[in-house]
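Q: Structure provided below as structure tokens; questions to follow.
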Number of protein chains: 2
Amino acid sequence: MRVAAHTDQTVHEILQSMVKKGWRITEQRRTLATLFAHAEGYLSPRDVYDHMTKKYPGMSFDTVYRNLRLLSEMGVLEQFYLNDGLKFKARCQSHHHHHLICLTCEKTYTFEFCPMPSVPELPASFDVVSHRFEIFGYCSDCKQSRKQEKEADKEDE
Amino acid sequence: MRVAAHTDQTVHEILQSMVKKGWRITEQRRTLATLFAHAEGYLSPRDVYDHMTKKYPGMSFDTVYRNLRLLSEMGVLEQFYLNDGLKFKARCQSHHHHHLICLTCEKTYTFEFCPMPSVPELPASFDVVSHRFEIFGYCSDCKQSRKQEKEADKEDE
DNA sequence: CTAGATGCAAACGATTTGCATTACT
DNA sequence: AGTAATGCAAATCGTTTGCATCTAG
């Protein structure tokens, strides 16, 4: 199956969504948009804060949270509860698909197969609204590092 | 497709898991086991606390959390982040399957179809560890109440 | 200019921890 | 009896809120 690196929303698309909603484009929001447009996986509020404060040392956590929440409500970002808390990434706007998610680096890889068409008939009494299908594992990069760790462990014995 | 009401672990099975791990069976843990064995859907720590304090008015929140965590680590309970926080339910031990989840009452309905066998070949470079597939919607009970609410809304106009 | 965005500090809710007491085994 | 489980209170963490100040439009 064709599995693509995550296709991002462009910075421009994200900023456009903000403008459409009548929100102001501040320096920080521009940087935030750039961050998410280029991110390959899920980011925690902490990740975002750390990244932003490098450029804007005065930036506060509540501004990060405020913008994450606003962008989520707007549909620009999607949330996902991963291992150790809520994470965010730019929602794929293009088309419906699912993800491979690396348990180590939390990068996502798009794949096109959707199981819903092959699901046998569900009870008519249940109104289907949405579904989720994710495959978890280790991407080639992280698999590599895990392998090396194991070998290092053996040497210790 | 055959969709069954959730098949629970029995109280006995849950207690056995505790004993196997060398944990003591207290009055409260017995009640906790009974609660989860009979629960039809996900329970929040708050739900559990409310249920437990009816029987044991002195029971504290931290005991609820401690036991939820222990039971989760033991594999008796599974966690799920649903809308408004972390929820718990007895893990289905019997066999692999997936769930319909009602967005209102959070009850779960088991179905037997698993999409993994039909997934086209994934890149060999990705080590698959697990997957999740859930279908969200409204069960017949909650659909009914939603319908009634809508009608009530119309009358207000 | 002026509504919306930010920084600060404080509030808040959910969860965890330390310690003395209680109760399974 | 001895050790694990509990209750209590306080600490901690992540997230939200109120308000004065600042800034994009």
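Cβ coordinates come from backbone N, Cα and C, glycine included.
Curation plays no part in TrEMBL annotations; they are all automatic predictions.
Pasting the relevant annotations from TrEMBL:
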- B:His96, B:His131: Fe cation binding site (BINDING)
- B:Cys102, B:Cys105, B:Cys139, B:Cys142: Zn(2+) binding site (BINDING)
Q: Cβ neighbours within 10 Å, counted over all protein chains: which one of the binding-site residues B:His96, B:His131 has the most?
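A: The residue with the densest Cβ neighbourhood is B:His131.
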Q: May I ask you to pick out the binding-site residues among B:His96, B:Cys139, B:Cys142 with a CB closer than 8 angstroms to chain A's CB atoms, ordered by sequence, or 'none' if no residue qualifies?
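A: From B:His96, B:Cys139, B:Cys142, the ones near chain A are B:Cys139.
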Q: Out of these binding-site residues, B:Cys102, B:Cys105, B:Cys139, which one has the fewest other C-beta atoms within 10 Å of its own C-beta?
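A: Least crowded of the binding-site residues B:Cys102, B:Cys105, B:Cys139, by Cβ count within 10 Å, is B:Cys105.
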Q: Between B:His131 (Fe cation binding site) and B:Cys139 (Zn(2+) binding site), how many Å separate their Cα atoms?
A: 24
Q: Quick one: pull the CA-CA distance for B:Cys142 (Zn(2+) binding site) versus B:His96 (Fe cation binding site), whole Å only.
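A: Their Cα atoms are separated by 27 Å.
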Q: If you measure from the Cα of B:His96 (Fe cation binding site), which of the binding-site residues B:Cys102, B:Cys105, B:Cys139 is the nearest?
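A: Given the candidates B:Cys102, B:Cys105, B:Cys139, the nearest one is B:Cys102.
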Q: Is B:Cys105 (Zn(2+) binding site) helix, strand or coil when read with DSSP?
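A: It is coil.
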